Amino acid sequence: MKILLIGYGAMNQRVARLAEEKGHEIVGVIENTPKATTPYQQYQHIADVKDADVAIDFSNPNLLFPLLDEEFHLPLVVATTGEKEKLLNKLDELSQNIPVFFSANMSYGVHALTKILAAAVPLLDEFDIELTEAHHNKKVDAPSGTLEKLYDVIVSLKENVTPVYDRHELNEKRQPQDIGIHSIRGGTIVGEHEVLFAGTDETIQITHRAQSKDIFANGAIQAAERLVNKPNGFYTFDNL
């Protein structure tokens with residue numbers, strides 16, 4: 001499989017290493033600014049890339065969105081999470097002409113966590129729910145795209161839910177419809193996501209801990225391996 005990388009930060013550098021270990025070929029990289037240290041052919045426009053089978057994106061909206069406005073002709077795996085609503089609308093439009101895969105978290109374990117959460121919410125309807133995510137001190141966005149995905153699962157199953165980001169500002173007791181959302185930044189934490197169900201005299205915690213960023217890179221490669229054989233459409237872990 002011949003792969004075009006969109007962005008060449010820490011994540012796509014891992015994708016390149018792991019993909020080549022699997023026997024795939026990196027045919028080029030698209031970056032905002034060409035860098036002498038990038039060890040692959042560099043491009044600025046999708047139309048310039050002639051021999052790729054699939055594109056894998058671990059970049060940011062500033063790089064990705066202008067590319068999506070070009071005539072995108074490759075199956076596309078997207079892991080960018082910024083400006084999510086705008087991104088999903090654009091990917092849905094593109095999926096009429098190419099196969100597109102999107103996930104806010106490329107770990108299959110996190111996908112399993114969303115399924116476990118969907119099963120737990122109806123069973124624990126009277127329990128309070130708090131969501132917490134922790135990441136390294138260089139992560140900019142908060143809360144993480146994965147935590148937003150977990151929140152979306154809850155919203156789809158409970159009515160009149162209210163996200164609470166700063167209880168200090170509220171200065172009032174917790175309301176039944178509140179969903180606490182907490183972000184922690186520190187050190188080199190790869191990624192941790194926890195769902196706390198708090199009931200009377202008992203609590204249940206469901207946690208996913210990423211021990212290496214390789215799980216995200218491998219998830220993107222595995223998605224690409226499947227996507228190249230799919231018809232045009234919008235894909236997630238649910239239907240890939």
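Quick reminder: no glycine exception, Cβ is built from N, Cα and C everywhere.
Here Swiss-Prot flags A79, T80, T81, S103, A104, N105, M106 as NAD(+) binding site, drawing on sequence analysis. For M106 (NAD(+) binding site), applying a Cβ distance below 8 Å and a minimum sequence separation of six or more within one chain yields A79, I215, F216, A217, N218, G219, A220, A223.
The active site, proton donor/acceptor annotation in Swiss-Prot covers H135. Cβ environment of H135 (active site, proton donor/acceptor): S144, S183, I184, R185, I189, V190, G191, E192 lie under 8 Å away, each six or more residues apart in the same chain.
There are 25 other Cβ atoms within 10 Å of the Cβ belonging to T146 ((S)-2,3,4,5-tetrahydrodipicolinate binding site). T146 ((S)-2,3,4,5-tetrahydrodipicolinate binding site) falls within a helix when secondary structure is assigned with DSSP. The (S)-2,3,4,5-tetrahydrodipicolinate binding site feature in Swiss-Prot is assigned to H136, G145, T146; the stated evidence is sequence analysis.
The feature active site, proton donor is assigned by Swiss-Prot to K139, with sequence analysis given as support. In the three-state DSSP scheme, K139 (active site, proton donor) falls into the coil class.
Reported as a whole number, the C-alpha separation between T81 (NAD(+) binding site) and G145 ((S)-2,3,4,5-tetrahydrodipicolinate binding site) equals 6 Å.
Per-site Cβ counts within 10 Å over the binding-site residues T80, T81, S103 peak at S103. Candidate binding-site residues: A79, A104. Fewest other C-beta atoms within 10 angstroms, A104.
Annotation note: N105 (NAD(+) binding site) sits in a coil segment as assigned by DSSP. Listed in sequence order, H111, G145, T146, K149, G191, F216 are the same-chain residues six or more apart from N105 (NAD(+) binding site) with CB atoms under 8 A from its CB.
Separation of the C-alpha atoms of A104 (NAD(+) binding site) and K139 (active site, proton donor): 14 Å, rounded to the nearest whole number.
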